[in-house]
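Q: According to TrEMBL, the protein has these features:
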{"type": "TRANSMEM", "residues": "A:12-35", "note": "transmembrane segment"}
{"type": "TRANSMEM", "residues": "A:42-62", "note": "transmembrane segment"}
{"type": "TRANSMEM", "residues": "A:68-87", "note": "transmembrane segment"}
{"type": "TRANSMEM", "residues": "A:99-118", "note": "transmembrane segment"}
{"type": "TRANSMEM", "residues": "A:149-168", "note": "transmembrane segment"}
{"type": "TRANSMEM", "residues": "A:200-220", "note": "transmembrane segment"}
{"type": "TRANSMEM", "residues": "A:232-259", "note": "transmembrane segment"}
{"type": "TRANSMEM", "residues": "A:265-285", "note": "transmembrane segment"}
Amino acid sequence: MSQLLGIPPQALFGQLLLGLINGSFYALLSLGLAVIFGMLNVVNMAHGALYMVGAFVAWLLLTYAGVGYWGALILAPLVVGLVGLALERTLLRRLYKVDHLYGLLLTFGLALIFEGAFRHHYGVSGQPYPIPDLLKGGTNLGFMYLPTYRGWVVAASLLVCLGTWFAIERTKLGAYLRAATENPTLVQAFGINVPVMVSLTYGFGVALAGLAGVLAAPIYQVSPMMGSNLIIVVFAVVVIGGMGSILGAIVTGLGLGLLEGLTKVFYPEASNIVVFVIMAVVLMVKPAGLFGRER
Amino acid sequence: MPEGMRATTARTGTAMLDIADLHGFYGESHVLHGVDIAVRQGEVVTLLGRNGAGKTSTMRAIMGIMGKRTGSIRFQGQELIGMAPHKIPRLGIGYVPEERGIFSSLSVDENLALPPVVKEGGMTVPQIHALFPNLKGRGATQGTRLSGGEQQMLAIGRILRTGAGLILLDEPTEGLAPVIIEQIGVAVRALKQRGFTILLVEQNFRFAATIADRHYVMEEGHVVDMIPNDQLHANMDKLHTYLGV
């Protein structure tokens, strides 16, 4: 079996793995967007920039403080989360009573500022970030070669996504979150401090982006524009999955990553647009998205 | 408000809930115009009045979930105006909103467990199930898949868990079948016997008459009359005029 539908299996599985990796990042990022949109009604255009900040924090920690990958895996999401908290408390909070569009514009502006600032200081060429020693090398699975780090990224992303899903759908804290997404006033009238919950939700959502940034650093280079390259596809993922749907974000993220990979094998010319074609079709057939609920 | 009623309010200096000259606003619109209400511990008091008289707004003002409020709302001596909205229920006030507020993304059990316990001595889940047998065995059902009456029971039941001593019930009988209304009535009377203090908004004064100690009548954002339940029959004509029924 050296050929599969006229494609060497190495190429097929290679692209599928690449698709799975991309899908992991789509899932992590669209998950954060979904959580934020559900609770804050903000289309967080700064998400890609904060993903980039996460990667840069990891690189800065390594370059200037000697803190390695594992430390950065904890610290960078924390830093990004705190940045998010500050943004929510000082800026986003003022926009909840006005149209969605203002939140989108504000966060888009923030994205430009973050990207501009990093481009100014570090230039557009990417900074390399080494793979941690523990995750170097790879395994020959027979039908393909699996680099350890890439396997780790897929596993870690899946774990974080499922953990987040569990926390939101199956715990008391998650019940507060779901209830406050539906009717924040009533949840407040039960004695929950909803504004603090909203801040923490935004902080958590962008911390996920920061975490994705650290995971991405050794695969893609750490560059100021890495977020804006990714975020447009991620928004398409969120729309396809259904705005605000947690499970939708995870499943669609991974699924579309794989589909992109497959397209690269069978019809490479379409690989850049396949996600958007699917988005158009889904919007025509099911405007609320695959997992979304009509509002 | 007539002078005599002011005096009544003043005499109940030990009221659990004491609302004086309450004004309330939604944005620019001024909806409450000097509401005066006093509720003593253990009483069931209704707010009667036509649509738009300010009954629901009074409840929302107590919970701190309306725009601007002025005047005074004292609960067990503590002033609620100016207090952060999430702290008000923590004093022991439970709110059952008019639209019931059952969460569709939560199961029946999750809805029941949602409001945090704020005081000791709240009812246990088996006790709540005994009061509302319809909720038993429905725990995994999506909250909004219950019938209207069951949702009302769930909305009341989840507040009983919290240990709140004062319960604000906004139109619990609205849109329900007579047999369900009867069931809610039995439950509210049981709550009264357990010592709960209840402020009840009702359009259906026949229902109100079966459970309340006193009735406040509201018109155009303030209280225009107070009728003790034992004088309700003597005041029927007046009440018909107030409510336009």
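From the backbone N, Cα and C atoms, a Cβ is placed for every residue, glycine too.
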Q: Which listed stretch (A:12-35, A:149-168, A:232-259) has the most C-beta pairs under 8 A with the transmembrane segment (A:265-285)?
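A: Looking only at A:12-35, A:149-168, A:232-259, the most contacts with the transmembrane segment (A:265-285) come from A:232-259.
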Q: Based on Cβ pairs under 8 Å, which of the stretches A:12-35, A:42-62, A:68-87, A:99-118, A:149-168 lies most in contact with the transmembrane segment (A:232-259)?
A: A:12-35
Q: May I ask which of the stretches A:42-62, A:68-87, A:99-118, A:200-220 has the most CB pairs under 8 A with the transmembrane segment (A:12-35)?
A: A:200-220
Q: Which stretch, A:42-62, A:68-87, A:99-118, A:200-220, tops the Cβ pairs under 8 Å count with the transmembrane segment (A:149-168)?
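A: Most contacts with the transmembrane segment (A:149-168): A:200-220.
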